[in-house]
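*Asks:* What follows is a single structure, and I will ask about it in a moment.
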Amino acid sequence: MIYLFFAVLFIETLTILLLLFKTPLRKLLIIGLDRAKRGRAPLVVKSVAATFFIMMMYNVYTVMEIQRRPADVNNPTDQIILAYHMLEAALMGFSLFLSLMIDRLHHYIRELRILRKTMETTKKQNRAAEEFKNKGADEVRHLNEEMIRMRGEMKKLETKYSAMEKEVKSAEANSLALKHQSEGFLLEYDRLLAENQNLRDQLRAIDDSLSHANGKKDT
């Protein structure tokens, strides 16, 4: 039984060493432990650990019973049995401690692998976000340049519109002045027509009077 415990301790120590150092065998060992923790394997391991613990407590109880006996009662055989049970209890306790250490190491290594994958994914997302941010900054800068250009064009159009508006107002003023001038010309034309008509009437009257006077002379 002692040789079996020493073999178990050797295997557990070798497993811990493989888990501590990064070697090609560690990956295979981790895969094996991952598969061992699936299905009913954890229940079997817990049952074995519980059996080891009960056996260890029995050995401790036996050691305490032997130590409670008076010194003159104990014989060399009892001393050998006491040493045997103490060795068994120590080996079982150390084996349980190593198994717990293996379980924790495997758990932390697996958590570390998950954390690394998460960090890699986060880095990729951050890199993509940075690229998108840089791209967005370029687009924003391009839009700002386009807005500045459009503002310049708007100012030019506003200046051109103001000049055209002034020209339109000047043309309207000139048109209004021409309208007033043409109305004055029409009034003057009407007046001249009226004077012309009056002059014609006067000339006709003078002609009639002259014709009448000539007729009287002839008679």
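Don't overthink the numbers, they just go from 1 along the chain as shown.
Here the Cβ of each residue, glycine as well, is placed from N, Cα and C on the backbone.
Got these off TrEMBL a minute ago, pasting:
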- 140-209: coiled coil (COILED)
- 45-119: domain 'Virus-capping methyltransferase C-terminal' (DOMAIN)
- 6-22: transmembrane segment (TRANSMEM)
- 43-61: transmembrane segment (TRANSMEM)
- 81-102: transmembrane segment (TRANSMEM)
*Asks:* Sort out the residues at least 6 away from either end of the transmembrane segment (6-22), same chain, that have Cβ-Cβ distances under 8 Å to it, and list them.
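*Replies:* Distant contacts of the transmembrane segment (6-22): 29-30, 91, 94-95, 98-99, 101-102, 105-106, 109.
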*Asks:* Across the coiled coil (140-209), what is the average pLDDT of the model, as a whole number?
*Replies:* 83
